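Asks: Below is a structure I'd like to ask you about.
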Amino acid sequence: MKKRNIISCGALLIMILFMSCKDNNQKKEVSTTDMPISREMKAELTSPPNVPRSVGRRKAKKLIVNMEILEEEGELTDGVKYVYWTFGGSVPGSFIRTRVGDEVEFTLSNHPDNKLPHNIDLHAVTGPGGGAESSFVAPGHEKTFSFKTLNPGLYVYHCATAPVGMHIANGMYGLILVEPAGGLPQVDKEYYIMQGDFYTKGKNGERGLQPFDMQKAVDENADYVVFNGSVNALTGDNAITAKVGETVRLFVGNGGPNLVSSFHVIGEIFDKVHVEGGDTVNENVQTTLIPAGGAAIVEFRVDVPGTFILVDHSIFRAFNKGALGMLKVEGEEDKRIYSGEIREGIYLPEGPGIQNMPTTDEVVESEIPAKSFDEQMKFGKQTYMQTCFACHQAEGQGIPNAFPPLANSDYLNADVERAIDVVVNGLSGEITVNGEKYNSVMTKQLLSSEDVANVLTYVYNSWGNSGKVVTKEMVEKVKNK
Ligand code: HEC
Ligand SMILES: [Cu+2]
């Protein structure tokens, strides 16, 4: 690197050499357009929720980005398959990290097994179509174009091949970060999160391979709103993590295609938000708005342990359509900041089941019924965790004085038809379960007969209950009474 500088500077007058040979990055006014490039380097690309190493103090370079488009089947949520179109094999696509003044040589290749042509429009590009006009590429081919990163910020990229909305809806979006000279300030943890809305022929939760539904997309009637491409991409074992005392930076984008995100982390306050991914830094923010095709950088220090829930605060999207992620923080409690008995699982996905106070309504039967006891248990557990869990708890233990236990419940085990009736029609008034009185309301659960059969089979075959199998026919008999 030094050698190059000496050679190039040697060609100039001594006077100029004195001015320009020092550190070009920090030195006064070199316009970004004229910023000299030192060497070439291959960009590190990462799939979400990971981000590449920060640029730190490196100089502007010629940065080689090789990205491959892959059309591949994945899982939108348990049992629901979807064919995603991806930049680099993930939704959102690979994270690209550059610094201002880089000269990016971008090669977009379209895998030979793909069915469609694609291209890329990067919002970080100054040039026609953001690159889309130079990158249209058929399956089995590749295209190369170059651009200079003139403006620092966090930018969305996406496919812009007609029908544009369909390509984006299928997952063709991602983020490219352009760091300022010297890089962003150091933090302990950085993560990549991107929201997207999905439109399927079947309703939310309907199993099987679900094709894209153009009419629903045009109507902006999303079946799923998710972070990082699927309902469980950031929950349970996939949660992002940090330790008490660490600083966390989230690069949050919104691919849309349609919906604006009201991004919020339950139990945290953003110390800093780079509003819309630009230079303006707002402080002490509860919820930040991320437009479709936009982004924000949010930063906060985690002070106490626990599970912090990431949501789109348009709240039905979070609990019923999938826009819910988790940040798990481990470490010492700090009672000065927070104290109280902690019961985990207050904020959990609730899934598509429509809940009503006891009245009448219609539900659609699943077209792919459970075929065996094992499947009944599997689907039943899914329904339980999404629908019953919130009140009856993970092990069916209930909550004293509020929700009766389903574990080892004499009320449950005494009468199967009554139990079906409780789930199908709801229940109110005083009942006695295992010697304790309850006088509350259970809302009618709007589940298909199939789902009721599965969930009750799961309950009857868990936690010391009597082991009965409930069939769809038994449920229909009760429904038709
Ligand atoms: C919103 C909270 C809530 C949800 C969700 C809920 N229940 Fe209940 N459940 C109750 C309450 C409250 C009672 C007691 C009603 C009363 O006091 O009359 C009850 C009673 C019952 C009973 C009879 C009493 C017993 O303990 O055996 C059964 C069986 C039952 N629920 C099953 C389920 C199943 C299965 C689901 C999921 C499909 C479910 N419940 C979802 C609140 C809920
Ligand atoms: Cu495309």
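From the backbone N, Cα and C atoms, a Cβ is placed for every residue, glycine too.
Found this in TrEMBL, in case it helps:
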BINDING   HIS118, HIS123, HIS158, CYS159, HIS167, MET172, HIS313  Cu cation binding site
DOMAIN    375-463  domain 'Cytochrome c'
Asks: For ligand 2, list the binding-site residues among HIS118, HIS123, HIS158, HIS167, MET172 whose CB atom is within a distance below 6 Å of it, in sequence order.
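Replies: List returned for ligand 2: HIS118, HIS167, MET172.
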Asks: According to DSSP, folded down to helix, strand and coil, what is HIS118 (Cu cation binding site)?
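Replies: Going by the DSSP assignment, HIS118 (Cu cation binding site) falls within a strand, counted as strand.
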Asks: Please determine which of the binding-site residues listed here (HIS118, HIS167, HIS313) has the lowest count of neighbouring CB atoms within 10 Å.
Replies: HIS313
Asks: Treating G and I as helix alongside H, and B as strand alongside E, what does DSSP give for the domain 'Cytochrome c' (375-463) in helix, strand and coil?
Replies: 45 helix, 19 strand, 25 coil
Asks: Through the lens of DSSP with three states only, how would you label HIS158 (Cu cation binding site)?
Replies: strand
Asks: Which secondary structure state does DSSP assign to HIS167 (Cu cation binding site), in the simple three-class scheme?
Replies: helix
Asks: Which whole number is the mean pLDDT over the domain 'Cytochrome c' (375-463)?
Replies: 92
Asks: With every protein chain in view, what's the tally of Cβ atoms within 10 Å of the Cβ of HIS158 (Cu cation binding site), excluding that atom itself?
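Replies: Cβ-Cβ neighbours of HIS158 (Cu cation binding site) within 10 Å number 28.
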